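Going by TrEMBL, these are the annotated features:
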DNA_BIND  B:123-218  DNA-binding region
DOMAIN    B:4-116  domain 'Response regulatory'
DOMAIN    B:123-218  domain 'OmpR/PhoB-type'
MOD_RES   B:Asp53  4-aspartylphosphate
Amino acid sequence: MKFWQKIYLFSFLVFVIIFNAASIMVIERSHNKMLGQEINNVLSQNMSIHSSVDAIVPILRIYDSIDYEKTVLTSIANEFVAKNSDEHVYMEITNDTNQMIFSNTDFTMPTHREELDNLDIDEINYILRDIDQHTILFTSNITNINNKRYVFTYMKDVTPLYQDRLDQYGFFVRVDLAACFLYMLIMLFVSRGLTKPINQLNRTAQVIAQGGFSERVRLKSKDEIGVLARNFNDMASVVENTINELERHNQEKQRFINNFTHELKTPLTSIIGYTNFLRTTKYNEERFLDGLNIIYSEGKRLESLSFKLMDLIMLQEDHFQMEEHDMGAVIAEIEPALEMMAKEKQVLIITDCEEGKLQLDKDLIKILIFNLVDNALKASAEQQSIMLRTYWRDGRYILEVIDQGIGISKEHGDKIFEPFYMADKARTRSYNGAGLGLSICQSVASIHNAVIEVGSKENQGTTIGVIFDQIGPKGGMNS
Amino acid sequence: MQKKILIVEDDIHISKIIKMNLNLVNYVTTEVYDGLAALEAVKQEKFDLILLDVMIPLLDGFALMEKIQPYRIPVIFLTAKNSVYDKVGGLNLGADDYMVKPFEGIELLARIETVLRRYGKEEHMIKFRNIQIDLDKREVTQQGEPVELTPKEYELIVVLLKNKNIALSREQFIDKVWGGDYYGETRTVDMHIKSVRKKLQLQDHIKTIYKIGYRLED
């Protein structure tokens, strides 16, 4: 059963039960009250008969004649009956020998009269009896006249009261039906309206479940469902972000694998191709030497790739020797090697270092600097120079490698740190590059709690700054 | 008629080794190193087949493929990627075949031949010195005189001629002449080589190559 149907059905059931019970109670109470009043009326009538009779008892004592008593009592009874003639009142007077003295009843009196059973003198008892589809209120008292007991029974037909109650019920049933119908109609809209936001949530959840992660619930209400919707939306955005993140990671990974296989298979294709060519074709000295040169250089390329990959893998592991070293001294140590590298291309290396003691892994920092200078060399033309400088600024130590080379265009800017990314394949290839350099630099930098900033203008040069901020969690410099 | 083949490959060494392999068996080749140059070349000249690397600068192989589709030139993809997705993607674009790097020259030649045959561009006649082979009629003549060859001998001389100047191993001969499911001895190859040498007087041209197999030389 749907939720709105449950609300609808249960509220309707509760309404029917309470409304009916309340109405019945009201009807019954008013009926009982009317009945009580009627009983009181009849009892007071009976009392007044009783007191009338009492008033004439002394006179009756004087005569002490049954016939006279009978005549007097009959006349009193007639008077009362006449006085209340418009109402259905009956009177019966019997004496202790059960002889009828007066009766105007138009129905047969019951043979057994429980109300008389323990009746004392000067006491009035009453009882309601159903006789021939009429409900008659019997009130009885016993009066002693001349040592004879007379039973006065004053009766009133109270059927109209019951008829009234019946009419009330009849009316009530009509009102009840109308109210129920109205209630059903209103509750139908109310329960549907209340559960509408839930349906909306439901539909959105289905859309999200089918992969529409950007779907959101549009609900502005401030009740619990509104809160639920907001929480639901929050949850959906977290899920969406996570999925996007995963997707991005996945694509990155796929790119890495694609690039890696490409980097691996290209030299392999050459090596296998040339060796097979040389061994299956007729010897030709020029071709033979050419081929061997290519096999050699492609083999070197594979070697370089495997070293770089090892560097990258090593950086993923977690045992580094972080010790305090002076960056200037580290640079001075590797300067001869860098100059050798640059000499081949007739590029000048200028260093300008401020002293800076930092927590470093010396070997990793050397790899970082080698890679940055290597990149700068690849971008530079002959006779240009590469500046390597370090300085303090705002409590941070900055290492910069500045070249005057071809620069990096904007389209490549955000991707250059991805493994195997190469802005210009043809250029880097010819220098045995695999596009891993900056990835390695990035890893080294993050191990040292440093960030790499790239500033570049096409054909004017590139500045790569490594900003060491060791006041952070890994800081040890100020201690 | 010599067939013209366009090699689109950004790695100069690979491009060169492909060219060398193709030239051995008399294909005429043109090398370009990026997608735009390839597009230009296709517009300028008529090629019988394109060997297309997927990861090339400026315009990648798939994008180039779409642009050259109207020219209806057979294309064989050369790719380092070997995921099923890439293969299906390339073939859906209308490539005729793909080769995953690294590959061997002889395999490349075989694929090229298959694709050319599918396009009805295969050779009908092969000539070698005074020998002429009519591939349609399966007839071998030497100085105009028909030479009687068994079916396997015929297949063998055709394979030798199609892979002229390249040494083939006995296994490769078995694969190409007897078919992949042949489990006979490799000595069978030697027997047939011997009789072909004799019947066509090719003793000086079919060379035995140490540790490899046999090579037909000009």
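Any Cβ shown, glycine's included, is placed from N, Cα and C.
TrEMBL labels come from automatic prediction, so no person has curated them.
Note that the coordinates shown come from a computational prediction; the quantities given were computed from them, not determined experimentally.
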Mapped DSSP class for the residue listed as '4-aspartylphosphate', helix or strand or coil:
strand
Please compute the mean pLDDT of the model over the DNA-binding region (B:123-218).
83
Could you count the residues of the domain 'Response regulatory' (B:4-116) that DSSP puts in helix, in strand and in coil?
55 helix, 24 strand, 34 coil
